[in-house]
Every structure is written in structure tokens, then in C-alpha cells.
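Taken from Swiss-Prot, the feature topological domain 'Cytoplasmic' covers 2-21, and the record attributes it to sequence analysis. The annotation bacteriochlorophyll binding site is assigned in Swiss-Prot to His20, His38 on the grounds of sequence analysis. What Swiss-Prot lists as transmembrane segment is 22-44. Swiss-Prot lists 45-48 with the feature topological domain 'Periplasmic', giving sequence analysis as the kind of evidence.
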Amino acid sequence: MAERKGSISGLTDDEAQEFHKFWVQGFVGFTAVAVVAHFLVWVWRPWL
């Protein structure tokens, strides 16, 4: 078998860091929207 060079994903370190930065920003944005949505629903109809 041929040896693999570099990372498993095939990305360079800089590309991987850039991808990670955008992935984290997207995750934080999604989580913020979910928290706001849950808060608004809880204000409308408290479940506790």
C-alpha cells in the first residue's frame, strides 16, 4: 500500500484551521438561535 502523506482529510493545517473556525461559528450561531427559540416558546407556554 502507498503511504499517506499529510492529514487524513487531505487539508493543509491552514485549511483545517479555517474550516474549524467557520464550523465553530456556525455551531455557535445555531446554538444561539436554538436558545432564543426555546426561551420564546417557554415565555409563550412554560413547561416547568
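Just so you know, glycine gets a Cβ as well, placed from its N, Cα and C.
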Averaged pLDDT score, the topological domain 'Periplasmic' (45-48): 91
Cβ neighbours within the same chain of His38 (bacteriochlorophyll binding site) - under 8 Å, at least six residues apart: none
Contacting positions for the topological domain 'Cytoplasmic' (2-21) when only residues 6+ beyond its ends and CB under 8 Å are counted: none
Tally of residues which DSSP labels helix, strand or coil - the topological domain 'Periplasmic' (45-48): 0 helix, 0 strand, 4 coil
